[in-house]
Structure formats: structure tokens, C-alpha cells
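*Asks:* Just passing along the structure, written as C-alpha cells.
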Amino acid sequence: MAVVSSSALDADIATRLKRDDAGLVPAVIQQHDSGEVLMVGWMDDEALHRTLTTGRVTFWSRSRGEYWRKGDTSGHVQHVRSVALDCDGDTLLVRVDQVGAACHTGARTCFFTDLGAVAGA
């Protein structure tokens, strides 16, 4: 379970977040200049605080139960350009300058699996 620490996160931001039962919100990561959706990760208050104060995206790993920064191992870092909260307060949009691949598979984006034709499209 994520460690929710609203003490480090600005109180105004913390009160606007609608978290899931584990204290997390999804963060959609988007290339700032092209609009390309790169990946989705999870953040708790501390991960968001670190993202806002360091300029590097920090996530909460649900499988490992720890914080991680994209690129610390691979070198494929995400430099934060802006962070926005959606109208419901339950999803973040993080616009970044992606260095290298965003996906752990080595692909530029995690969204490379086409599910085929959509009826009526």
C-alpha cells in the first residue's frame, strides 16, 4: 500500500486530489510538444510532491511497494514541463520532455498494441 503523506504536498493540492482506496491517483504521461501519450503510472501525495519539486517524474510502484523515478536505471528520464489535475480531481496529466524510450520494453510509448478495427470507425 502507498504511503500517503499530505504533509509534504501543498495542502491546497492535497485537498483537491481524489485518491483510490490505496491513496493513489493515475498519472497520464504525455510528451509536451507532440501530445503523444507515453505511459500511465501511479502517484500518491509523496510521489506528486517529489515530481513537483524535483522536475523529474516519480511514481509509486504498486507491485514493488516503493517509489521509483523513470530513468534512474535506464537513463530514459522524464523532465517535467507541467502537471494538471482533471476536472474530477482523480487523474493527473504530466507533460514531459521524454529522453529515450518511455516503455520498459524499449518502445517510445507503452501504447503500441493495436487492438484492431473498431466498429463504425
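Using N, Cα and C of the backbone, Cβ positions are placed for all residues, glycine too.
Okay, these came from TrEMBL:
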{"type": "BINDING", "residues": "D86, D88, D90", "note": "Mg(2+) binding site"}
{"type": "BINDING", "residues": "C87, C103, C110", "note": "Zn(2+) binding site"}
{"type": "DOMAIN", "residues": "39-112", "note": "domain 'Phosphoribosyl-AMP cyclohydrolase'"}
*Asks:* With DSSP as the reference, give the number of residues of the domain 'Phosphoribosyl-AMP cyclohydrolase' (39-112) in helix, strand and coil.
*Replies:* 10 helix, 29 strand, 35 coil
*Asks:* Whose Cβ, among the binding-site residues C87, C103, has more other Cβ atoms within 10 Å than any of the rest?
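*Replies:* When each Cβ's neighbours within 10 Å are tallied, C103 tops the list.
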*Asks:* What are the non-local neighbours of D88 (Mg(2+) binding site), defined as same-chain residues 6+ apart in sequence with CB under 8 A from its CB?
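*Replies:* Residues satisfying the criterion: K18.
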*Asks:* For the C-alpha pair, I'd like the distance in angstrom between C103 (Zn(2+) binding site) and D90 (Mg(2+) binding site), rounded off.
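*Replies:* About 23 Å separates the two Cα atoms.
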*Asks:* Taking the centroid of the Cβ atoms of D86, D88, D90 (Mg(2+) site), which other same-chain residues have Cβ within 8 Å of it?
*Replies:* K18, L85, C87, G89, T91
*Asks:* Restricting to the same chain and to sequence separations of six or more, state which residues have a Cβ under 8 Å from that of C110 (Zn(2+) binding site).
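*Replies:* Long-range Cβ contacts: L38, M39, V40, A102, C103.
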*Asks:* Which residues does D86 (Mg(2+) binding site) neighbour through Cβ under 8 Å, counting only same-chain ones at least six apart?
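*Replies:* For D86 (Mg(2+) binding site), the qualifying residues are L92, L93.
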*Asks:* Can you give the mean pLDDT for the domain 'Phosphoribosyl-AMP cyclohydrolase' (39-112), rounded to a whole number?
*Replies:* 96
